[in-house]
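> Below are the structure tokens for one structure; questions will follow.
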Amino acid sequence: MRLSAKSATLLVLIALVALSPILFPSGYYYRVGALIFVNAIAVTGIVILTGYAGQISLGHAGFAGIGAYACALAPVHLGLHPSLALVLGAAISGVIAFLVGRPILRLKGYYLGVATLGLGILVSMVLNNERQLTGGPDGMEVPDLGLRGLLKDAGLDLTNGQFWYFFCGLALILGAWLALNLYNSPTGRALRALHGSEVAARTVGIDVAQLKLRAFVISAVYASVSGSLLALQNKFITPDVAGFMHSIEMVTMAVLGGVGSILGAIFGAAVLTLLPQVLTVFAEYEQLVLGLVMMLVMIFLPQGLLPSILRKVRGKGE
Amino acid sequence: MPELLQFLFSGVTVGAVYALVALGFTIIYNASDVVNFAQGEFVMLGGMLTFVCHAAGLPLPLAALIAIAATSAIGVLMNKLAIEPARGAPVVSLIIITIGASIFIRGGAQLLFGKQIHSFPAFSGDTPLRIGGATILPQSLWVIGGAVVVFIGLWLFFTRTLTGRAVLATSNNRLAAQLVGINTNFVMTLSFALSAGIGALAGVLVTPITLTSYDVGLALALKGFAAAMLGGMGNPKGALAGGIMLGLLESLTAGYLSSQYKDAAAFVVILLVLFFMPQGLFGQKSVDRV
């Protein structure tokens, strides 16, 4: 029996999340793993926007910022539970993406790039400047999610690292499952059609504007959830989460790994999250190496890392 | 009134720098359809290398000349090593390549020049000139003059010289240009050299006012990119107008509304302009063949 691509992807992902801890030499690796999953969630959103629908965003960190600060602010000012704050952040991000998306998504290529860039910069500027609310560039504390305590009472005692590793891992599997379902749905097929040719898609009756907007809103929600999880996990947040470099990081992770597939993009997230950890030994050369890796992969493996590696492996097998 | 004049002076000075960066974007975009996000690093290199040569004892004009030449060479290298091999790649990949190049150059500059802030003396002294109750630094006049000279020079180059027309022909239709015997690879090399040189010149002119460090490039690249898009990508007039407008918007917002949100005003205006004129102010409506 052959597995469908969707089930295969999910199985690989579940196996990775469940089995990787066997190899962890210390608790520190749970923390790195959780960070990879958080980034991978945002990157899954980029796959929907860029990989499925072929649209560019240079400002998605703005939505991550909204998600992160919703978890920091809503519990204090509105008395919401942090988990509901995550939902609120996702809703706000979705609404903003919906309102701004319609006019922005008429733009193409670099024009779309600069418009989304502007959107992200506006969010990060508000977070930096509204000191009395957000603490400005110094950042602010984020309340505890409280779930680990509940699990402990229920008899499941996890360390903080372990808890966040499995919690974010589950969130990623859920996110990937939704994205994979979308891929095979009528909406997903229409998105891929408009990626191929907008004009052709329109002539067969696809509402191009509506679909692009849908992809934009969905990917904004992914970015927002990723920002929320980052904030809750670190219990502290700074406006850097909404900065331009974070937006670029998201796109780079997706494209470097292979933006055409969820697994490829997650692989990219893992590589780029691990790279700085490996390079801490040569902290001075970190930027140099990062820039070099970005250029080399794009020049020599334009399809992304994972698809290129898979092709190599299959080629040898035959 | 003197207040307004003061804001206009500072706006035009900053705007002239944005315009120079935007012109650099425009030249490379026209020759290759690539938006080069490393454009801001050229500005950083111009200022930084001038500082290094000047500190080593060279006279300032010679130091500036060496800096501009060296930056042009780096631009050409970048084209040969990173852009040409990736010809025909999708927009997202090209964005990542040029951002990778900018991170690479920034990392290299940090290693070589350290994290300190550097500067060198202004060309014509630091005594502010008084005009109509407002003051302007002589160096600001150098910056504005530099932008004007570069713009006129480019205009003459593109309309009056055979090489310049070859660049225009390449930007219109690469294949057709090749068919009439234009060496499009040379056009690419020339464009990167020119664009990097203009960026470096901007760095040389503005460093006595704003100072420089290894990480000033990114912000300049974003502003220059925004200015070029505001004016309409690929149009030198648009780049000049977009740059000056962006500078004025910033200084007027900082002066009358809020200095914290001066960058916000610029991006709000860009979003509004793009809502109503998706090709920028001076951009031509592009028609795609299907």
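Glycine is treated like the rest: Cβ placed from N, Cα and C.
So TrEMBL has the following annotated:
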TRANSMEM  B:7-29  transmembrane segment
TRANSMEM  B:49-77  transmembrane segment
TRANSMEM  B:89-113  transmembrane segment
TRANSMEM  B:133-158  transmembrane segment
TRANSMEM  B:179-205  transmembrane segment
TRANSMEM  B:238-258  transmembrane segment
TRANSMEM  B:264-282  transmembrane segment
> What same-chain residues lie close to the transmembrane segment (B:133-158): Cβ under 8 Å, and 6 or more beyond its ends?
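Distant Cβ neighbours of the transmembrane segment (B:133-158) are 1-3, 5-6, 9-10, 12-13, 16-17, 19-20, 23, 27, 122-127, 164-165, 167-168, 198, 201-202, 205-206, 208-209, 236, 240, 243.
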> Take the C-beta pairs under 8 A between the transmembrane segment (B:7-29) and each of B:49-77, B:89-113, B:179-205, B:238-258. Which stretch has the highest count?
B:238-258
> Honestly, do the transmembrane segment (B:49-77) and the transmembrane segment (B:238-258) touch, with at least three Cβ pairs under 8 Å and pairs 6 or more apart in sequence?
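These two segments do not touch.
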> So what's near the transmembrane segment (B:179-205) in sequence-distant terms, Cβ-Cβ under 8 Å and 6+ beyond its ends?
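Distant Cβ neighbours of the transmembrane segment (B:179-205) are 17, 20-21, 23-25, 27-28, 30-32, 36, 39-50, 64, 67-76, 78-80, 83-84, 139, 142-143, 146-147, 150, 163, 166-167, 169-170, 212.
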> Other than its close neighbours in sequence, what residues sit by the transmembrane segment (B:238-258), given a CB gap under 8 Å and a spacing of at least six beyond its ends?
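Tertiary neighbours of the transmembrane segment (B:238-258) are 3, 6-8, 10-23, 25-26, 147, 151, 223-224, 226-232, 264-266, 269, 280-283.
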